[in-house]
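Under the heading compositional bias 'Polar residues', TrEMBL lists 10-19. The domain 'Fatty acid desaturase' feature in TrEMBL is assigned to 90-329. Summarising the annotation, TrEMBL assigns region 'Disordered' to 1-43. Taken from TrEMBL, the feature transmembrane segment applies to 65-83, 89-109, 129-145, 193-212, 224-244, 250-267.
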Amino acid sequence: MALENINPIGEQTPNSSEGESSEDPVEKKTRKTPGQLADKARQRKEITRWKAIVAEFQKSSRWRANWQIFNTVGLYALLWYMMFLSLSVSWWLTVPIAIVAGGLLVRVFIIFHDCGHGSFFKSRKANDAWGFITGALTFTAYFHWRWEHATHHATTGNLERRGMGDVPTLTVDEYLASSRWGKFKYQMTRNPFILFTITPLVMFVVVQRFAFKSAKRREKISVWMMNIAIVGLAWGLISIFGFIPWLICQLITIGIASSAGFWLFYVQHQFEDAYWENTDSWEYTDAAMKGSSYYKLPKILQWFSGNIGFHHVHHLSSRIPNYNLERCHYSDPMFTAVQPMTLWDSFRCLNVRLWDEKAKKLISFGQLKRQMQQADSGDRAKSKAA
């Protein structure tokens, strides 16, 4: 998969044996100015340095991986069994269990995510097998998602390559140039209630049942194979629970997990001092370290979210499994120097909506309105002075 191979670490990606060449994002087939050449030389030095730092943490551990399978997938299955038993007692017991299962499903998705990066197990076959199993639990086609997510890693922070695996983000100029209908649609897309309740459920339950037109044959087949697996799993649970009890339990678990997952993904890249650049200025290390947050969560939430809060480390090297991310973060000042975002801090991310290319930061609709009012006041003052 060519997009996965853009990672400058030079790691073997799941499809690197298919004869597709790796491409270093630092390299460009265009003529460079002396200043640009100096920047590229600096970037290469940075890459060489952090490659040495992360190398030891890229090693998969069979013991750690199996333990996570046991305490995550095993516990998730146990919670479904407890939901079944609780049906004969009271829904007041079933619903809280389903909510906890939804939280645990986030951790199941992190295992799925690591399998997609080829980092969870050393064995490719083990990654693909557990990627498919956890994909069925999270309603996500493994190969299709892996291709889509590789695009996200290859293009995050690149203004000219937005669109796949991103939260829709417009620049100020793009927003102002939009029609009234276009502005309304964008406002609805970025509305917190819609973004973290309706959109996640629709995405995981409906949208992911279909492949992108641009997907290759294997990715498209993986979607239909996963749909069959999901129907088979649902049929088995319905035969045990009954349709309505299963539907309620399933909607609660997938609803909680998808909303939490969207929130995590949002705060990992949508914060005021995020990183966005045009292709000519885009740089891999900066995109990872400046464009991905260090979400410092309470330990219990860190456990449920599978250490994905160390997102700056993950984007620097996606081949580090989740169970090594924390150790890698604390191994070098390069990582610990990144300003952490606390749970309380993260709620401020709800206000950011647009990328201000002049200020190099994400701003709110309110900030844009005030900027325009100030500009109008300045224009009126100049007119009077004239």
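Every residue, even glycine, has its Cβ placed from backbone N, Cα and C.
The model shown is predicted, which means the values in this text are computed figures rather than measured ones.
Here the listed stretches are 89-109, 193-212, 224-244, 250-267, and the one with the most C-beta pairs under 8 angstroms to the transmembrane segment (129-145) is 224-244.
Outside the transmembrane segment (250-267), and at least 6 residues removed from its termini, the chain residues within Cβ reach (under 8 Å) are 95, 98-99, 101-103, 105-106, 108-109, 138-139, 167, 195-197, 199-201, 203-205, 234, 237, 293, 295, 305, 308-309, 341, 346, 349. In this model, the domain 'Fatty acid desaturase' (90-329) carries an average pLDDT of 96.
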